[in-house]
Amino acid sequence: MKLIEAKHYQDMSQKAARFIIEKVNRLPAPVLGLATGGTPLATYQCLREDHENNGTSYKHVYTVNLDEYVGVAPDDNNSYTYYMKKQLFDHIDIPPSHTHLPDGMAEDLEAECRRYESLIERLGGVDLQLLGLGLNGHIGFNEPGTPFSSETHTVELTDSTREANARYFDSLSSVPSQAVTMGISTIMRSKQILLLVSGAKKADILAKLLSEEPNEDTPASLLKMHQDVVIIADSDALSIVKERGITY
Ligand code: GLP
């Protein structure tokens with residue numbers, strides 16, 4: 001794993017955006033794996049600004065998102081589909097048919113999970129997977145204990161994840177209890193992974209994932225088994241790593 005230190009959230013976001021833009025400019029048909037949550041918000045803002053100011057084009061880009069809530073319609077403003085449109089897709093020139101998220105409204109969720117895996121395969125796999133980090137070490141919605149071998153599947157969200165995401169909903173009770181997420185094995189098949197970590201709240205879990213041997217109780221620690229992972233973390237997120245002198 002390669003660790004890039006950023007000064008603060010904005011610096012992390014600019015570095016992440018540059019990383020993505022380099023792929024977009026260099027590859028003939030890049031497949032970007034995208035994430036939601038608070039962490040990548042300013043990265044998407046940098047991509048929007050770069051598109052507007054420098055004309056970076058996304059006509060040749062394909063995207064697959066990590067996850068989507070079950071039972072939340074795409075046009076509901078709490079869906080990840082809505083988030084992606086609002087934060088990125090509606091502001092750049094990517095053809096809507098090139099953008100993909102799991103369908104959390106599918107009647108047959110198992111079939112939907114299989115469809116999503118085949119779709120990623122048909123696209124030729126993910127070139128760059130963007131990831132945020134859950135407070136309990138989850139990646140996508142792969143909660144602690146998710147098997148290394150998991151592919152796209154339906155998950156029951158833990159209370160801590162529902163509480164962490166409640167800020168986007170009217171109340172905790174309206175946070176869905178299930179989601180469809182790429183599995184650990186799906187994520188590990190990406191050619192390259194970019195993990196973004198920001199803020200003092202994430203300092204503990206970042207220290208844990210860097211110091212532990214890969215284990216399924218801290219899903220993000222499994223990323224150590226991938227050959228090309230880049231972490232961009234800001235100084236608040238790195239505070240405990242530095243304090244304890246953790247090397248990895
Ligand atoms: C959510 C998302 C994850 C995200 C994580 C961290 O549960 N499903 O993909 O990485 O939370 O969120 P945040 O970036 O808001 O801290």
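Cβ coordinates come from backbone N, Cα and C, glycine included.
Please treat TrEMBL annotations as automatic predictions, because they have not gone through curation.
The active site, proton acceptor annotation in TrEMBL covers Asp67, His138. Feature annotation from TrEMBL assigns active site, for ring-opening step to Asn136, Glu143. Annotated domain 'Glucosamine/galactosamine-6-phosphate isomerase' per TrEMBL: 10-228, in sequence order.
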Item to complete: For the domain 'Glucosamine/galactosamine-6-phosphate isomerase' (10-228), would you mind checking the mean pLDDT of the predicted model?
Response: 97
Worksheet item: Does DSSP put His138 (active site, proton acceptor) in a helix, in a strand, or in coil?
Response: coil
Response to the item:
Other C-beta atoms within 10 angstroms of the C-beta of Asn136 (active site, for ring-opening step) total 17
Worksheet, complete the sentence: Listed in sequence order, the active-site residues from Asp67, Asn136, Glu143 whose CB sits under 6 Å from ligand 1 are Asp67
Fill in: Under 8 Å by Cβ from Glu143 (active site, for ring-opening step), same chain, sequence gap 6 or more
Gly134, Asn136, Val155, Leu157, Thr158, Thr161, Pro219
Worksheet entry | Rounded inter-Cα distance in Å - His138 (active site, proton acceptor), Asp67 (active site, proton acceptor) | 12
Fill in: Cβ neighbours of Asp67 (active site, proton acceptor) where a neighbour is any other Cβ within 10 Å
21
